[in-house]
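A short write-up of the structure that comes next.
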Amino acid sequence: MKALKVICLFLFNTVFIQGQKINLSPFETRQQDVKALAAILVESDNFLSSCNRCIATLQLLQRIAYLPETFFVSTATAMCKQINQMDVEVCEGVISEQGPIVHKVISTMDIPGRDGQLLCGAVVGSCPYPEVDEWNVPFPKPKPSENRSQEQIKSEGKTFTVLQLSDWHIDFDYQVAREYNCDSSLGLIESLLRHIPKVEPNIQFSIFTGDIPPHDVWSTLPFGKTQFIQDQSYELFHSQFDSPSLINSNVFPTIGNHESAPANIFPLEHSSIPSRKTYLDLKWLYKSLATNWQRWLGADINSFTQSNTGSYVTRPMPGLKLISLNTNFCYILNWWLFQQPTQKDPNGILTWLVNALQDAEDRNERVWIIGHIPPGDSTCFHDYSNYYSQIIDRYSHIISAQFFGHTHKDEISIFYRNKQEKTAENAISVGYVGPSVTPLMDLNPGFRVYKVDTKTFEIVDSITYIADLDKAHDKGSEPVKQML
């Protein structure tokens, strides 16, 4: 019955109030129409629980998107509040910040087709995930023969140490004895950084796999607020890592999905950014990160980083090429990725990766890839993961390791030969997913160190350290750190 009402409201552009027909202007009619539709959908139990309901909701939002942005945002906010699944502050903040982008994007989407299925499948989980949009990634050269690719550098049995930190998520507003389900306090992070040189005094270099700001996705604007959090955090980084008496190592960072403002939103070259919201182009972010990274990377690399949406190449040691990849162009909550026409290779980032790997192959170098979101994770589009896996397969003989964050868990991810059975014989590469510094949610803060072969740059051993928060009850005491 409710579905029939929805259909009827879409068909008629007049409104009856108390039995009398009221003539309205087209704009007023559309406003009344969508408000009534929104009310019906919100009243439905679990209105996103089925594929049909999810598609119907997107069609409603698309209908609203043809009205002014302010009306779209206010209607979506009202719907969010009526669902009663989030705090009012979260509804108002998230939709105020991200609603204008959705307003731009959703009007371009084919909701009844693959676009709607993809959003409802990837983000909501109420539709079957569409099949991968097949694409054979082009490569400059074919993969060397098995015999040639196995002409590897011989190990000498010596190792050096590398530190991985991930998902910092510092909350400068943290207050003791308040909300327990929260991000990292400044005190927690300072304690962790003080502990590192005590247990691992000889770190060759470090990698940071992204996410500095807290999970306050409803309160990232104005962008200067988010930028300030990152600037302060990198100053803390430099104070600990640049000092010969402390950690004393360079840090090679990558960009997390929370680095942007609004969170998760990374535009493409063709994204239709509103003229009055130029901060959405994220030039401020890439410039700020380049400034904060310059002491570790150098001015030349950082200049390139700004123009390459945060991705870069550096060489921490002779024979090792490190590629920092902005993997936020695979994130399912990056709304710009739904804008039509979509790109199989967003911003050409995969082509850039292929060229960087080909250069390493030509130079007989080994490669590490670092990123934030692990391709293959449920929050990375299947299409992108498929294309990325093709690249790993092609250059697996020179890729010694990959490093990611994002999941907050202490994990590894196995990559297999493309379209082959997942067996030990077909395993070609390992992605090391580091634990988070933040305890959110229900976690002990942690970090990883790796023992790395000095010749092959392969991981020989991995050690995880955690802070046991259950043993940090005494006021003024620090969490007990232990090795797993």
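Placement of Cβ uses the backbone N, Cα and C atoms for every residue, glycine included.
Nobody curates TrEMBL annotations by hand; they come from automatic prediction.
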## Note on the structure
Disulfide partner of C51 per TrEMBL, picked from C8, C91, C127, C182, is C127
### Message
Per TrEMBL, which of H397, H406, H408 sits in the Zn(2+) 2 site along with D211, N257, H372?
### Response
H406
### Query
C54, C91: which one closes the disulfide with C80 in TrEMBL?
C91
### Message
Around the C-beta of H408 (Zn(2+) 1 binding site), how many further C-beta atoms are within 10 angstroms, looking at every protein chain?
### Response
23
### Query
Once D211, N257, H372, H406 are set aside, which residues in the chain still have Cβ within 8 Å of the Cβ centroid of the Zn(2+) 2 site?
D167, T209, G210, I255, G256, H258, E259, T327, N328, I373, G405
### Inter-residue C-alpha distance, H169 (Zn(2+) 1 binding site) and C91 (disulfide bond) (nearest angstrom)
21
### Message
For C91 (disulfide bond), which of the three DSSP-derived states applies: helix, strand, or coil?
### Response
helix
### Summary
N257 (Zn(2+) 2 binding site) to C127 (disulfide bond), Cα to Cα, whole Å, comes out at 25
## Note on the structure
Those same-chain residues, other than D167, H169, D211, H408, found with Cβ within 8 Å of the centroid of the Zn(2+) 1-site Cβ atoms are S166, W168, D183, G210, G256, H258, G405, H406, S436, V437, T438, L440
